[in-house]
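Listed in TrEMBL for this protein:
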type     : residues : note
TRANSMEM : 44-64    : transmembrane segment
TRANSMEM : 71-91    : transmembrane segment
TRANSMEM : 118-140  : transmembrane segment
TRANSMEM : 152-172  : transmembrane segment
TRANSMEM : 212-239  : transmembrane segment
TRANSMEM : 259-279  : transmembrane segment
TRANSMEM : 286-309  : transmembrane segment
TRANSMEM : 362-384  : transmembrane segment
TRANSMEM : 418-439  : transmembrane segment
TRANSMEM : 445-466  : transmembrane segment
TRANSMEM : 530-552  : transmembrane segment
Amino acid sequence: MPLTMEGNGNGDAEGVEEQSPIEEVALTVPVTDDPSLPVMTFRMWTLGILSCILLMFFNTFFAYRTQPLTVSAIFAQIIVLPAGRFMAAVLPERSMRVPLIGWEFSLNPGPFNMKEHVLITIFANAGVAFGGGDAFSVGAINVMKAFYNKNISFVAALIIVITTQVLGYGWAGLLRKYLVEPAHMWWPSNLVQVSLFRTLHEREKNKGLSRMQFFTIFMVVSFAYYVLPGYLFTILSFFSWICWISPHSVTANQIGSGFHGLGIGAVTLDWAGISSYLGSPLVTPWFSIVNIGVGFFLFVYIFIPLSYWKFDIYNARKFPIFSSQLFTATGHTYNTTHILTPEFDLDVDAYNNYSKLYLSTFFAFSTGFGFARIAATLTHVMLFNGSEILKQSRSSMNTGRPDVHARLMRNYRGVPQWWFLILLVGSMALSIMLCIIWKDDVQLPWWGMLLASGIACILSLPIGVIQATTNQQPGYNVVAEFIIGYLLPGKPIANILFKTYGRISTTHALSFLADLKLGHYMKIPPRCMYVAQLVGTILAGTINLCIAWWLLTGIEHICDVNSLPSDSPWTCPKDRVAFDAS
């Protein structure tokens with residue numbers, strides 16, 4: 001029986017349907033629910049596991065290429081709909097019993113419903129490491145094996161991958177009361193998912209073009225158009241008239257190139273290029289877009305040109321204006337093997353004899369603004385959200401008057417906090433064991449791992465507040481690298497792992513929280529969410545590492561641009577920045 005919330009609790013007349021105080025949410029998310037719909041079905045498990053495996057395989061395989069390709073969960077969201085309906089049409093309606101355990105389930109409990117579809121998509125989202133394409137912790141393994149040529153064992157690598165993701169799930173469980181239940185933590189990107197689910201499942205009675213018809217037309221047109229910038233006329237992906245006029249001028253390329261310069265006058269008609277870095281501008285709130293635009297203008301068109309051409313700060317003109325690589329004092333690419341010992345520690349004498357390390361102007365400013373970014377995040381959240389966070393901390397999850405969606409979710413059994421604490425304590429215990437048993441491989445002492453986890457615990461909430469309201473996630477990579485670099489100087493592997501257990505576990509926590517909010521909007525039982533996210537995470541992390549290990553051991557000179565053939569696609573651009581930062 002569908003449930004509907006009526007009345008707003010402020011004395012309004014009965015029969016007035018209550019809505020979320022956030023206008024965008026009120027216009028997108030329904031305030032009805034049908035608790036009788038089956039969720040953890042045979043179809044959900046079959047399609048969820050299959051989509052998780054396939055998406056993780058493709059995303060891991062293409063992550064190492066010069067032009068990385070990410071197959072998003074939206075792809076699975078669309079593909080599994082006909083598959084689910086097909087299974088509902090052909091599977092028998094008989095019950096099956098699991099031997100020994102005694103569990104009984106139906107192969108076909110009825111029509112394929114929206115809640116099954118949502119849970120399958122969340123499963124699939126684990127297959128893209130919750131938006132990142134592949135697990136961020138696998139990037140640390142890539143740097144260790146491909147860039148530093150370190151022989152880390154597969155078991156140690158698996159512990160790193162699984163514990164960093166499960167650790168993030170533990171933080172997510174502790175932060176639910178702050179970032180999922182409050183109505184003003186609305187997670188803008190989830191509204192696109194909600195709208196798509198409703199488009200695919202709900203039937204409209206009004207005349208004219210339906211949402212499903214509009215979606216189908218737009219999808220076909222988008223698919224057809226992508227052939228132009230993707231294959232037939234690749235110049236549409238990026239065109240710079242300044243570089244076109246003076247193709248051999250270094251200054252013209254520094255000004256006009258979008259890949260190696262400031263991108264002034266550059267144009268792209270490829271949606272993949274527009275949305276590749278900050279996500280879709282159609283999802284981000286307007287005030288956030290304006291803020292980003294002003295910051296981008298000051299950063300790219302004021303600070304960098306003045307520092308590079310006007311003041312030539314630290315001999316900036318010796319190096320490219322835009323690059324993520326490291327350089328010697330003479331402007332050549334920095335070879336880190338010259339300054340490392342066989343144990344991968346910094347050789348100070350070799351460093352002094354070789355060269356100091358230099359960054360491009362863009363990379364240097366990005367690093368500097370990384371400190372300002374996290375300071376601004378903490379200040380903003382403390383001033384504008386501090387009192388509310390304190391109020392939430394003093395109350396239990398079931399006190400006060402929640403919004404309409406939180407009250408609808410009370411029809412389901414919640415997930416006890418100790419379920420998340422078990423994951424948190426277990427992953428930290430495994431991580432400490434890693435630091436003790438494989439201490440020569442990871443370089444990070446046990447107290448370093450605890451410090452990284454403590455920083456993640458403190459910063460996950462303020463960063464989550466920003467992401468839940470602006471659709472932007474400020475990072476603290478630079479801060480984490482600075483802290484461990486000061487405490488353990490000359491330990492690059494420790495630097496990478498400290499950042500992984502700190503910053504990356506925060507990233508995973510926020511990804512879990514975003515999916516928990518999606519489940520909140522779509523009225524998915526919390527315990528079903530817990531099981532699906534946990535199983536999907538462990539499954540995806542294991543497959544991610546297996547595929548990565550296969551590529552790292554099977555492709556000669558993978559990630560080594562200087563040793564690979566000129567036409568080789570295996571350049572690992574995503575891991576280059578992590579290596580340089582370490």
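Quick reminder: no glycine exception, Cβ is built from N, Cα and C everywhere.
Since the structure is predicted, the reported quantities are computational estimates derived from the model, not experimental observations.
Two recorded stretches are said to be in contact when at least 3 C-beta pairs lie under 8 angstroms, sequence spacing 6 or more; the transmembrane segment (212-239) and the transmembrane segment (152-172) fall short of this definition. Only residues 6 or more beyond the boundaries of the transmembrane segment (445-466), in the same chain, are considered here, and those with a CB under 8 A from a CB of the stretch are 167, 171, 174-175, 178-179, 185, 374, 377-378, 380-382, 385, 389, 428, 431-432, 434-436, 439, 472-476, 480, 483-484, 487-488, 494, 497-503, 505-506, 509-510, 513. Beyond its flanks by at least six residues, the transmembrane segment (530-552) meets 40, 44, 48-49, 52-53, 56-57, 60-61, 64, 119, 122-123, 125-127, 129, 134-135, 137-138, 141-142, 145-146, 154, 157-158, 161-162, 165-166, 169, 415, 419, 423, 512, 515-516, 558, 570 of its own chain at Cβ-Cβ distances under 8 Å. Beyond the ends of the transmembrane segment (259-279), by six or more residues, the same chain brings 189, 222, 226, 228-230, 236-242, 253, 292, 300-301, 304-305, 320-323, 471-472 to within a C-beta distance below 8 angstroms of the stretch. Counting only same-chain residues 6+ beyond the ends of the transmembrane segment (152-172), those with a CB under 8 A from a CB of the stretch are 135-138, 140-141, 144-145, 420-421, 423-428, 430-431, 433-434, 437-438, 441-442, 453, 456-457, 460, 497, 500-501, 504-513, 516, 533-534, 537-538, 541-542, 544-545, 549.
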